[in-house]
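Just below is one structure, and these are the notes that go with it.
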């Protein structure tokens with residue numbers, strides 16, 4: 001029981017020295033690699049850079065205790081930082097103490113929601129974020145984040161959370177363009193792109209071992225941070241109008257607890273829910289992918305508890321909302337992490353950095369962090385997925401397109417809510433016009449197939465109608481129309497058999513419609529029969545009057561109905 | 001073409017003298033019978049009594065031109081009046097000119113929405129009001145209306161649109177109880193109940209012809225109005241504290257046009273939509289029931305245009321939102337109406353009354369109208385339906401119960417919106433855990449049935465999994481879990497066949513899951529096959545990469561898969 005809720009108890013007793021070595025190395029590498037992105041995502045959310053470090057300490061320890069994925073690394077991630085900034089900018093001015101306080105509240109709410117969803121085993125909720133919607137959302141968010149970072153790259157002071165407001169802000173303040181910042185930023189950007197694209201092969205070519213070359217290529221942001229910080233310190237760029245990170249308070253994260261402020265909670269409820277669900281979906285898909293690679297299993301509901309614990313830990317230690325991050329997880333995995341202990345080591349490492357090394361960050365230019373973010377998020381823009389979805393299904397594509405459009409123009413919340421609503425509406429619309437087919441007998445067999453797709457034997461006084469969908473309120477009336485049209489068009493008809501092999505449910509509205517069909521066919525002297533009714537559906541029908549009133553019979557198979565009814569009545 | 005949009009052109013050319021006679025008689029009877037309810041429902045909506053008459057003139061003529069039901073009678077109805085009052089009380093104080101103006105706006109918006117829905121053929125929207133939700137809504141509204149009329153019966157001045165606010169209002173002002181009003185009101189109520197329950201038999205017993213007896217029993221409200229008006233005039237009840245209708249302006253309805261007030265439109269948008277949909281559902285179910293009795297056909301989309309026209313006509317003639325009313329339609333039908341011309345005659349009749357006879361209404365006590373409403377709406381409370389739904393399905397019942405609870409406590413809009421949302425959520429939840437069954441061969445046949453319900457032949461290296469639901473975003477991951485659990489529990493497994501006979505749709509998310517299943521089974525050296533894929537689903541799959549990557553094959557039938565795969569590979 002305890003093992004179920006504390007997965008650490010399943011692996012810690014078998015912890016070996018070999019695992020320790022692997023995890024320690026991974027922890028050290030992750031510590032170094034995630035510092036730039038932690039700072040960057042805090043700034044993206046409109047928070048002081050150090051908050052990103054704070055959010056990479058206690059939350060990691062919480063996930064180590066509660067998480068089921070062996071290699072997932074939690075911390076601030078780009079999408080969640082964007083959503084955090086969008087949510088907070090609605091309730092407090094960036095930079096104010098109220099803004100910081102609201103970030104803690106958002107973490108706490110999100111953590112509490114994830115925990116409650118985990119306890120109630122509501123992980124399936126995430127399924128309602130369909131693949132096209134989440135894909136479209138990630139692509140649009142990537143673009144939106146990149147656009148939001150342009151201002152840091154250009155040295156223009158613009159904030160906003162829609163593509164339109166950001167771009168018009170940039171356009172109107174273009175005269176404020178700061179050339180040294182632009183030069184530094186684009187230089188960084190070029191360096192990072194080259195490192196990412198060619199770094200590995202180039203380093204291998206000059207004789208570096210493959211693994212180390214890959215690691216160094218990934219360490220592009222770390223080199224960029226070191227080089228530009230030194231440059232900025234040497235040229236005193238901070239005093240020449242280049243934005244730098246500035247004084248970062250040293251020491252471990254303070255213990256915090258968000259005040260209980262009900263009006264604020266109410267305002268942050270929807271954003272917290274969206275952050276929870278999006279963060280969970282991102283995290284779980286990555287965790288499942290990695291688990292599959294090493295034949296491990298993760299439990300979605302326990303993952304909710306793990307992420308919930310991590311966010312509550314963030315709220316208690318001056319952090320910001322966190323989830324499993326793509327790049328940090330990949331680094332962790334490829335650095336050879338074997339257990340969640342690697343996360344604990346990384347937490348210790350980042351703790352040490354926060355304790356002692358923050359003065360080194362003073363001269364780090366913000367433009368460097370912006371370049372880091374831009375290179376990271378552009379990988380989120382998934383053009384092949386958009387193209388595939390367009391080819392596969394226009395309906396799925398329309399949900400994707402709406403999500404992208406609204407995310408860019410109206411912001412992240414509008415985008416994701418509309419996308420989910422549209423995909424549900426489209427599904428309901430599709431099921432509201434159920435496919436049904438008149439079937440006939442394949443001569444000489446007991447098989448029945450659609451008369452429009454096969455040459456099947458039919459009888460003029462007998463209609464065999466196969467219904468290819470569960471019958472419920474949205475399509476009940478459509479079935480009525482189908483049957484009435486059928487009866488009206490075939491005056492010789494004596495029997496209608498509804499073949500229910502694909503009907504998994506008949507709800508109260510559909511029962512009402514079946515009642516109406518039965519009564520109306522009786523008036524027209526046509527007998528209604530059912531065939532191939534599934535066990536659970538039949539059990540349900542027996543609780544109603546329908547079977548007593550049914551003018552015809554319930555046949556076990558279509559063939560039985562055919563054999564019995566094929567002779568015309570006199 | 002013109003005939004399609006103006007159904008009057010289909011029946012007017014064949015109009016005969018015999019039809020004229022029948023329609024004229026029905027029109028006269030309807031004129032007399034609907035006057036009390038027209039006045040009553042206007043007061044229920046918080047409007048002057050005469051608005052109810054206005055709304056029974058031009059709208060009837062519009063429906064005569066546009067409607068497809070031969071016998072439906074439109075006008076103010078109880079539910080719509082209640083919803084109108086609830087909507088208007090949110091935007092203006094009752095009795096103010098702004099309130100009247102808002103009523104016209106609401107009619108116009110509702111008429112425009114119905115017309116647009118008719119043109120776009122969106123009648124299926126109404127299907128989302130499931131039977132339990134509409135049933136629960138009508139029952140709760142009936143109760144709510146009856147409670148709202150208690151204040152008129154007790155002579156206490158209380159308004160409100162939730163059961164709680166009304167009852168607490170009554171309780172706190174109980175000292176203001178006006179005994180003469182109470183005596184008059186309960187007297188009326190007793191008279192109406194007795195007439196409704198025993199009138200017909202009693203009158204037949206004393207020798208009246210059956211038809212006339214039924215008509216007289218239905219005319220209870222008319223007698224009550226005449227008797228209490230005379231009593232009120234004779235005893236000068238109006239000057240003794242009994243509320244009377246008071247001065248009703250004579251003359252035909254004035255031509256009106258609601259001002260274009262965008263903020264008001266925005267506020268009334270949701271109420272107008274709900275009024276349109278609820279009115280349409282009520283009206284169409286009645287029209288279909290009556291059409292079936294006389295073997296006539298009605299067209300749902302043209303009915304939307306008919307009701308849309310009627311509401312626009314109401315907006316142009318100082319009226320209020322209207323729809324097909326139960327009691328006035330039944331009176332029309334039973335009085336022998338044959339064509340919509342009966343409605344035109346009733347419109348003329350009510351026009352004459354409005355022109356000349358309104359002074360007679362001065363002394364009519366409001367308590368009489370309240371008693372009329374109470375007796376009419378209590379028939380909406382459908383206890384057998386509630387009981388049936390409880391027995392048939394707890395899930396349907398929960399949607400019904402929520403609708404009833406919220407209609408009573410939070411008001412009509414909250415009730416209906418929550419009911420619809422819950423029924424959609426429950427449906428999605430059900431389809432998100434699709435039923436699937438491992439099937440085996442019924443020995444000696446080509447039939448395959450669930451191994452848990454039948455004794456069927458199975459093979460340890462071959463799993464035949466029948467999926468009983470369309471595969472879409474909400475259940476895609478559930479299918480993955482099902483397959484992985486299956487594979488994990490049967491180490492000897494070599495082939496998994498997904499039988500897709502009940503799969504009508506595979507959306508982009510489900511395709512992604514099938515891809516993942518295929519890849520993961522390949523890693524575990526298990527081959528994935530499909531069987532019985534429907535034509536349209538197969539066409540769709542051919543547009544993706546899935547079939548190229550599939551490790552196994554697509555079989556036409558389960559038997560073909562069985563025959564091919566039954567021998568274990570070496």
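Including glycine, each Cβ sits where the backbone N, Cα and C put it.
Annotated domain 'STAS' per TrEMBL: A:452-570, in sequence order. Annotation source TrEMBL lists transmembrane segment at A:20-39, A:45-66, A:73-92, A:98-120, A:132-156, A:176-194, A:215-235, A:268-292, A:304-322, A:342-361, A:368-387, A:399-429.
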Do the transmembrane segment (A:304-322) and the transmembrane segment (A:342-361) share at least 3 Cβ pairs under 8 Å, sequence separation 6 or more? no
Answer with yes or no whether the transmembrane segment (A:20-39) touches the transmembrane segment (A:215-235) by the criterion of at least three Cβ pairs under 8 A, sequence separation 6 or more. yes
Answer with yes or no whether the transmembrane segment (A:399-429) touches the transmembrane segment (A:132-156) by the criterion of at least three Cβ pairs under 8 A, sequence separation 6 or more. yes
Which listed stretch (A:20-39, A:98-120, A:268-292, A:368-387, A:399-429) has the most C-beta pairs under 8 A with the transmembrane segment (A:176-194)? A:368-387
On average, residues of the domain 'STAS' (A:452-570) score a pLDDT of 88
Output the single range from A:20-39, A:342-361, A:399-429 maximising the number of Cβ pairs under 8 Å to the transmembrane segment (A:45-66). A:342-361
Other parts of the chain folded back onto the transmembrane segment (A:342-361), taken as Cβ under 8 Å at six or more residues beyond its ends: 22-24, 26-28, 30-32, 34-35, 38-39, 49-50, 53-54, 56-58, 60-61, 63-64, 71-74, 229, 245, 248-253, 332, 335
Between the transmembrane segment (A:268-292) and the stretches A:20-39, A:98-120, A:368-387, work out which stretch tops the count of Cβ pairs under 8 Å. A:98-120
Using DSSP, what is the helix/strand/coil residue split across the domain 'STAS' (A:452-570)? 52 helix, 22 strand, 45 coil
